[in-house]
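Structure first, then comments.
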Amino acid sequence: MSDALSAIPAAVHRNLSDKLYEKRKNAALELENIVKNLTSSGDHDKISKVIEMLIKEFAKSPQANHRKGGLIGLAAVTVGLSTEAAQYLEQIVPPVINSFSDQDSRVRYYACEALYNIAKVVRGDFIIFFNKIFDALCKLSADSDANVQSAAHLLDRLVKDIVTESDQFSIEEFIPLLKERMNVLNPYVRQFLVGWITVLDSVPDIDMLGFLPDFLDGLFNMLSDSSHEIRQQADSALSEFLQEIKNSPSVDYGRMAEILVQRAASPDEFTRLTAITWINEFVKLGGDQLVRYYADILGAILPCISDKEEKIRVVARETNEELRSIHVEPSDGFDVGAILSVARRQLSSEFEATRIEALNWISTLLNKHRTEVLCFLNDIFDTLLKALSDSSDDVVLLVLEVHAGVAKDPQHFRQLIVFLVHNFRADNSLLERRGALIVRRMCVLLDAERVYRELSTILEGEDNLDFASTMVQALNLILLTSPELSKLRELLKGSLVNREGKELFVALYTSWCHSPMAIISLCLLAQAYQHASVVIQSLVEEDINVKFLVQLDKLIRLLETPIFTYLRLQLLEPGRYTWLLKTLYGLLMLLPQQSAAFKILRTRLKTVPTYSFSTGNQIGRATSGVPFSQYKHQNEDGDLEDDNINSSHQGINFAVRLQQFENVQNLHRGQARTRVNYSYHSSSSSTSKEVRRSEEQQQQQQQQQQQQQQQQRPPPSSTSSSVADNNRPPSRTSRKGPGQLQL
């Protein structure tokens, strides 16, 4: 230390710690000349002693002015060393960097100034301290003192220039440092970081694109910054990187795709738009690299399809179509199960557009990878069934298409119909709201006859009789009114003529027995008029309830529609279709006379021509809907000399059918009685005690009143007593008839 003091005059030593900047500056200039002379003479030991003295007595001094003098002195030494400074940097730079965290803002300012002067001298040799300097500058960029920020900004610009010129800069060592600070929220630090990313990316020899996954998330995080300038800088940097990706032959799409998927769900609109735009480009460019990320990408796209921002919706739809058009196989790593899982989750979305696209994906996978989809059927089947209750008709129609695609296999067809019936049973509102839509669409997508036969088979063994009746009534109404089932109606019209119609009639009859009106409608459709009349005659008082009359009202109105045109035309020949008339009159007799349906049917029957009755015997008693040209080859159910209903026609044993109908109806009647009895007993048991108690109280009151009257009345004579007895109205006892018990 004495060597250092001998080399430095006392005045210089004293002025370095002076409170006046000018004195410190002059002392530093003198120190610079001293070091130059020592360098020229090659006295490296003295130079080291001088540096050591500046650090120990000045830079580390508790006095702020001493620390300021030490910093300016170290800068002066570096300038004096000039080209020889590199070998002393290990001594000079660390204390300057440490001063960046000094509590005194003026010391921090002079530290920036000192390091700036040092960097100007040593240039590229300065790189070995880059990470420490970068860390210090990152903190100084957010310094509370504006002067320190300004000085740090100047130093930062110089360091950037040095780095871009240097071939010693290590991007591999720098990236972890950058990544560690990318999530800092301070706006000044963010500007500092984006500035460095942009500068380094502009250097041809530095491959920032290869390290983009390490700091991409941080850049996206800045897109939602409150500062417009920071958002703009981050967006500019991202746009530049995206352009580089388009022009680069090799990019790590996978790691970045994971980040983009998360950012696509950001609450910030600008961030979502940028993320979905990147995903769109990745899907176009990524190719095989993205196969295993398709499920994650789809999970990000589907919600964006329903985004409130139109730009996001447009890009999301484009990306969705692009992704769906890619042809990949499970052997390439395409995970069908993962895609199905995403689609299943999105079926619960609150947005209709997202649910529709999720169903489109399931349908696409079913067409392209049927075997794999069926392996995961149990995972998605319940969700698909629940979707039948969706509030959107478009969603329901798409769900039915998916179900129809699955039901191409016989075992899945049966399973589908069973589950449909189960859902209708579990949710009564589903049958009311969606029943017609579901059944009609299933009849279009799958064979209508096949669907109705399967439904009939299932309902035939239904234990819940009320549900079976309701379901059959719904199916019957669909059968009578839906354009999609016109071929089925035509087939049933020939039930008495051809085998196919007969088999369908018998298949439906078994379950249609749950509803008298459905059976009557089926017979009218099949032109089995005698059997319809017999069914009407078999009805009892219990069957004619409000529900029955409502169904009858619907049928009467349907008779006036084009569907039953053939039936109305047959009324032109009442002699030939006597059983049809008897059936219609039977329905008329069941209707209340003041009802609209009664008036409609009565008006129709009034139009039946009477002249045909006189020729009825000549035409013959062919009372079915079978064409007369075929009559002599038929034996219609109503065309028997003895009107024997126990005969059969074309294999249809109507006697057995009638017995089957009555058996089912007896079950319904028994259940109705049980329900009424249960309701009666449950209500009477709760009130019987109260009624009994009330009666006892009334009897006690009557006895008390009678006693009071007897006490007040004078004793009667025998004459007056007999007169009074004659004038008194007869008692309940005197009014009892023969064999009547006294109450």
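Using N, Cα and C of the backbone, Cβ positions are placed for all residues, glycine too.
Quantities reported herein were computed from a predicted structural model and do not represent experimental measurements.
These features come from Swiss-Prot:
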COMPBIAS  678-688  compositional bias 'Low complexity'
COMPBIAS  697-712  compositional bias 'Low complexity'
COMPBIAS  718-732  compositional bias 'Polar residues'
REGION    624-647  region 'Disordered'
REGION    670-743  region 'Disordered'
REPEAT    45-83  repeat 'HEAT 1'
REPEAT    87-124  repeat 'HEAT 2'
REPEAT    128-165  repeat 'HEAT 3'
REPEAT    169-206  repeat 'HEAT 4'
REPEAT    210-247  repeat 'HEAT 5'
REPEAT    251-288  repeat 'HEAT 6'
REPEAT    292-329  repeat 'HEAT 7'
REPEAT    334-371  repeat 'HEAT 8'
REPEAT    375-412  repeat 'HEAT 9'
REPEAT    414-448  repeat 'HEAT 10'
Residue numbers, six or more beyond the limits of the repeat 'HEAT 5' (210-247), whose CB comes under 8 Å of its CB atoms: 171, 175-176, 178-179, 182-183, 187, 190-191, 193-195, 197-198, 201, 255-256, 259, 262-263, 266, 268, 270-271, 274-275, 277-278, 281, 285
If you run through the repeat 'HEAT 2' (87-124) with DSSP, how many residues end up as helix, strand and coil? 35 helix, 0 strand, 3 coil
Averaged over the repeat 'HEAT 8' (334-371), the pLDDT of the predicted model comes to 94
Could you break down the residues of the repeat 'HEAT 4' (169-206) into DSSP helix, strand and coil, giving a count for each? 26 helix, 0 strand, 12 coil
So how many of the residues in the repeat 'HEAT 10' (414-448) end up helix, strand or coil by DSSP? 32 helix, 0 strand, 3 coil
Quick one: DSSP breakdown of the repeat 'HEAT 3' (128-165) into helix, strand and coil? 33 helix, 0 strand, 5 coil
List the helix, strand and coil residue totals of the repeat 'HEAT 8' (334-371) as derived from DSSP. 30 helix, 0 strand, 8 coil
DSSP assigns the residues of the repeat 'HEAT 1' (45-83) as 35 helix, 0 strand, 4 coil
